[in-house]
């Protein structure tokens with residue numbers, strides 16, 4: 001069985017003191033680079049997709065592609081719903097074979113966040129599907145979820161325990177100063193808050209908004225309990241910039257099989273660096 005749940009992946013990471021990277025994929029080339037690089041480095045990875053990605057590719061198509069590539073490379077993969085907000089949408093994808101879900105109700109008041117998340121957890125656990133939820137909000141935009149910086153807030157450690165116990169989630173995404181998108185300057189991460197959250201919450205912790213973070217910051221968050229690192233914008237930027245550069249240099253290029261190679265090479269550098277930063281090479 002090559003398409004797996006994230007639950008065992010993250011529990012292994014927690015015990016082993018490393019993190020599993022979750023790469024948001026946007027097209028076939030992104031998927032190829034992530035899987036090929038992970039297989040070559042014998043690293044566990046999570047294939048993540050926002051609602052927009054599943055709409056773009058088609059849920060059945062995406063599931064079939066993940067399954068085929070996992071078998072081709074003899075490498076276990078998890079496919080994960082990132083920042084999904086609608087119960088019916090999640091339920092449909094779970095019934096299609098998805099075994100890892102992030103329900104994002106972090107924009108709701110605390111009690112409503114608990115209620116919405118618990119509804120999803122109760123459904124998903126019937127299918128042995130692991131569930132991640134977020135307490136606190138990151139600034140920036142992820143797919144169609146946008147949070148103004150002024151509205152972003154950090155995770156409260158005491159509330160985090162209540163939230164985890166009331167919902168029954170399998171992992172908790174925390175807000176400690178990261179944001180979706182790339183950073184104009186290095187963010188000031190609240191490491192002491194993260195350490196407190198780890199003391200209050202007995203679950204694998206997840207860091208969103210990791211694109212552009214320094215190796216030092218990533219590794220420090222892992223030491224303090226982060227077991228899953230999300231990367232999206234960094235891959236998109238590498239792909240887009242390499243493609244622009246190639247077509248500027250070779251404006252007559254017309255064959256995507258040729259000009260997409262530069263974009264894949266740029267993404268490969270990102271994926272291999274993130275895997276190294278997470279300390280998960282050789283852990284698959």
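Including glycine, each Cβ sits where the backbone N, Cα and C put it.
Noted in Swiss-Prot for the protein shown:
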ACT_SITE  82  active site, proton donor
BINDING   83, 180, 208  Zn(2+) binding site
BINDING   181, 209, 210, 211, 230, 231, 232, 233  dihydroxyacetone phosphate binding site
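Cβ neighbour density within 10 Å is lowest for 233 among the binding-site residues 211, 230, 233. Between the alpha carbons (Cα) of residue 211 (dihydroxyacetone phosphate binding site) and residue 82 (active site, proton donor) lies a span of roughly 15 Å. Its Cβ taken as reference, residue 231 (dihydroxyacetone phosphate binding site) is surrounded by 27 other Cβ atoms within 10 Å in the chains shown.
When the CA atoms are compared, the recorded positions lying within 10 A of residue 231 (dihydroxyacetone phosphate binding site) are 208, out of the candidates 82, 83, 208. Its Cβ taken as reference, residue 83 (Zn(2+) binding site) is surrounded by 24 other Cβ atoms within 10 Å in the chains shown.
Between the C-alpha atoms of the residue listed as 'active site, proton donor' and residue 233 (dihydroxyacetone phosphate binding site), the distance comes to 14 Å.
Spatial neighbours are here defined as Cα atoms within 10 angstroms of one another, and by that definition the neighbours of residue 208 (Zn(2+) binding site) among the binding-site residues 230, 232, 233 are 230, 232. DSSP assigns residue 83 (Zn(2+) binding site) to a strand. The secondary structure of residue 233 (dihydroxyacetone phosphate binding site), as reduced to three states from DSSP, is helical.
A distance of 14 Å separates the Cα atom of residue 233 (dihydroxyacetone phosphate binding site) from that of residue 83 (Zn(2+) binding site).
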